[in-house]
Amino acid sequence: MLLVLPSSILLAFLTALDILFHKCHLPQSGATANVKTFTAWCNSHLRKAGTQIENIEEDFRDGLKLMLLLEVISGERLAKPERGKMRVHKISNVNKALDFIASKGVKLVSIGAEEIVDGNVKMTLGMIWTIILRFAIQDISVEETSAKEGLLLWCQRKTAPYKNVNIQNFHISWKDGLGFCALIHRHRPELIDYGKLRKDDPLTNLNTAFDVAEKYLDIPKMLDAEDIVGTARPDEKAIMTYVSSFYHAFSGAQKAETAANRICKVLAVNQENEQLMEDYEKLASDLLEWIRRTIPWLENRAPENTMQAMQQKLEDFRDYRRLHKPPKVQEKCQLEINFNTLQTKLRLSNRPAFMPSEGKMVSDINNAWGGLEQAEKGYEEWLLNEIRRLERLDHLAEKFRQKASIHESWTDGKEAMLQQKDYETATLSEIKALLKKHEAFESDLAAHQDRVEQIAAIAQELNELDYYDSPSVNARCQKICDQWDNLGALTQKRREALERTEKLLETIDQLYLEYAKRAAPFNNWMEGAMEDLQDTFIVHTIEEIQGLTTAHEQFKATLPDADKERQAILGIHNEVSKIVQTYHVNMAGTNPYTTITPHEINGKWEHVRQLVPRRDQALMEEHARQQQNERLRKQFGAQANVIGPWIQTKMEEIGRISIEMHGTLEDQLNHLRQYEKSIVNYKPKIDQLEGDHQLIQEALIFDNKHTNYTMEHIRVGWEQLLTTIARTINEVENQILTRDAKGISQEQMNEFRASFNHFDRDHSGTLGPEEFKACLISLGYDIGNDAQKKTGMMDCEDFRACLISMGYNMGEAEFARIMSIVDPNRLGVVTFQAFIDFMSRETADTDTADQVMASFKILAGDKNYITVDELRRELPPDQAEYCIARMAPYTGRDAVPGALDYMSFSTALYGESDL
């Protein structure tokens with residue numbers, strides 16, 4: 001550490017040196033060395049002013065260059081010199097120079113202006129030595145030593161690691177040249193290969209040191225190697241002067257290194273923040289791109305033709321919810337955490353807040369995510385509705401095919417029968433039989449009218465529900481309707497022919513007629529019963545299957561009466577047979593009025609009896625399935641009614657934890673992490689509920705009266721719970737980061753939290769502008785109106801407005817400035833993190849743009865610009881290139897080619913201008 005001695009001691013020391021110099025007689029060799037050294041030392045400064053001296057005893061006689069030398073080394077302006085050539089003018093100039101030296105506290109003993117003007121070498125050298133002592137050596141002090149001792153101690157410390165170097169004085173310790181080489185190597189090791197130097201070759205060592213110093217360190221060659229080697233005891237003043245030049249050259253390098261370190265630190269922070277910004281931009285772009293690709297898939301409502309294809313879509317949607325979406329939920333949460341951490345680091349490093357690219361704000365991502373979830377909800381509802389529609393369509397299509405097949409089977413051959421001309425050769429009884437038979441057919445035809453209307457209604461419904469195979473259904477329905485119209489026309493035509501023939505034929509077999517009339521409806525009833533017993537059914541609740549079971553039981557109750565009717569019909573047939581056998585009637589073995597035989601009736605009756613237990617079995621199985629569905633509903637409802645309130649309770653508990661002040665921030669962080677662990681351990685119950693929900697969907701259960709919670713409610717609540725606990729932990733971590741970086745004590749943090757909670761009356765975790773103002777006043781923060789001062793008294797309005805303000809009035813302009821800091825996005829609320837940042841930054845000690853500018857000015861050698869070579873020499877390569885790429889060209893009046901503007905660059909680092 002460099003320390004400046006008290007002026008009284010320093011002046012006494014310099015005076016003693018000056019007296020000693022003038023009283024001692026210099027040997028001729030010493031005087032020669034002094035002349036050479038002092039001349040070189042003076043020229044090293046005069047060349048900055050564009051001039052130099054050739055003869056030290058002559059060139060200072062007029063006092064002009066002497067005054068110029070003093071102006072250069074002191075940085076001050078002297079009195080205006082006399083430009084005349086007379087002796088009086090010269091003496092006046094020299095006196096001005098001597099007066100300036102005396103004004104710096106140096107006593108000039110036995111040195112007068114006349115001796116200098118007369119060219120007295122001894123006096124001239126004494127004066128120059130006094131100047132060197134005052135301006136080159138006086139400020140050198142190490143550990144409270146004198147200038148000479150301080151310079152000697154600095155040399156000893158710098159050369160201590162080098163073998164064969166032992167600096168004890170400023171004469172013989174430097175004869176071998178290793179001392180000079182060691183000083184250069186210690187500070188610029190790349191300039192000298194110290195390992196190749198030899199102590200027994202002083203000329204080479206000295207010449208090497210002097211040449212390198214002159215070429216690379218801007219230290220002029222003040223002595224020749226022979227001047228030192230050729231004398232037993234080198235001149236002490238010459239050596240001290242030479243060594244002081246090395247001291248000043250390398251002390252500047254130390255300042256440059258400190259300045260470079262400061263710049264490196266600032267640039268490293270800036271580079272790290274830029275990397276975090278790039279990472280945020282990439283993660284946000286990737287997430288938004290995934291959302292952009294996913295939403296069109298969720299909005300695709302192209303229906304499928306088959307239940308299997310729709311089931312596959314539903315399975316793809318489940319894979320999306322189970323496999324693809326959860327990682328993106330984590331990425332979204334991590335994105336928010338990274339954004340908050342980045343903003344905290346920027347605030348702590350006194351940088352402007354990070355503003356993402358357009359469309360990539362956290363709010364933009366949240367909006368896009370909301371659109372994704374809306375599309376997701378609509379897609380799932382559409383899938384379920386489509387499955388219901390296809391299920392309904394499949395049921396209707398199967399019902400249409402069954403009824404159409406039964407009808408087509410019944411109509412098969414009917415057109416040919418109606419077109420027969422059998423009545424033309426029939427007997428009267430045969431005609432009457434044909435007529436009765438036709439009447440029975442008409443009765444049968446009327447009974448089938450219902451079925452045709454049902455077929456047409458089903459076809460119409462299939463068309464309305466957009467059944468994929470509607471063309472074939474319509475074609476078949478049209479064919480049935482056309483055939484039905486044709487049957488009606490043929491029936492009417494045959495009746496007219498029979499009625500014309502009826503007048504000729506009067507014999508009618510009443511028994512066969514009665515048989516036919518009773519057999520046809522009964523046969524139609526049996527066909528209807530068989531159709532109903534084989535009809536497929538679809539139900540969704542126990543009540544519906546119970547209704548079908550009740551209807552079936554009512555049908556079974558009619559079977560005894562139906563059996564009596566069957567036996568009565570068979571009795572008629574038996575009566576006919578008995579009459580035929582009794583009266584030998586030739587009936588050709590068939591009933592002329594109907595094609596329905598007793599065998600056919602018995603066969604259909606037996607078939608109905610077989611279908612009844614099958615129907616019983618189908619209804620029982622469906623009842624069991626509905627009972628299982630009801631158990632699934634109750635099982636899901638019981639779990640959902642527990643998990644839903646549990647999630648709500650946890651959300652409320654997290655909210656309370658975030659505003660309470662139990663223990664230190666680390667205690668709160670540990671508590672929250674344990675809380676997070678307990679929440680994560682609850683995940684198996686969510687997965688179990690997902691499994692139950694999948695069973696419900698696979699069972700095609702679409703409603704549940706046992707709970708108001710859907711799986712979608714549970715999923716959204718769970719995701720919000722995970723996001724909330726992660727966000728709360730991140731807020732506490734940022735508070736710890738802020739506390740440690742700003743030096744806030746735990747008591748201060750508790751006081752800030754208590755004040756914040758007191759004014760956060762709705763427990764929302766944020767403060768409105770008026771709440772924030774009252775909170776600041778309660779902490780004693782003075783935001784006053786310049787036109788109003790504290791008087792020690794308050795009127796009623798002031799007391800009501802600032803009950804805890806201690807008499808301070810909050811000005812609107814000052815408060816607006818503070819709000820722009822804590823609420824840069826103008827949301828109208830202040831979060832606790834923003835509140836802590838504001839309270840801590842008021843007394844924070846951080847790097848500023850002015851400090852960075854001052855550091856660059858040191859590297860630039862006090863210039864208003866810096867060059868590429870200086871940046872690459874003083875800074876690490878990557879940070880030097882970083883500056884070169886971003887610094888604007890310097891355009892000042894003193895600019896040189898390649899000059900860079902470090903001032904605008906420094907302000908841009910802190911957001912005060914554009915980088």
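Including glycine, each Cβ sits where the backbone N, Cα and C put it.
Remember, predicted model here, so these are calculated numbers, not experimental data.
TrEMBL lists coiled coil at one of the ranges 210-237, 266-293, 518-545, 770-797, namely 266-293. Feature coiled coil, per TrEMBL, maps to range 431-465 of the set 11-45, 151-185, 431-465. Counting same-chain residues at least six beyond the ends of the coiled coil (431-465), those with a Cβ under 8 angstroms from any Cβ of the stretch are 389, 392-393, 396-397, 399-400, 403-404, 406-407, 410, 414, 417-418, 422-423, 473-474, 477, 480-481, 484, 487-488, 491, 494-495, 498-499, 501-502, 504-509, 512-513, 516-517, 519-521, 523-524, 592-594. Mapped onto DSSP classes, the domain 'Calponin-homology (CH)' (145-251) shows 65 helix, 0 strand, 42 coil.
Taking H, G and I as helix, E and B as strand and the rest as coil, DSSP gives the domain 'Calponin-homology (CH)' (32-136) the counts 71 helix, 0 strand, 34 coil.
Confidence for the domain 'EF-hand' (810-845), expressed as mean pLDDT, is 70.
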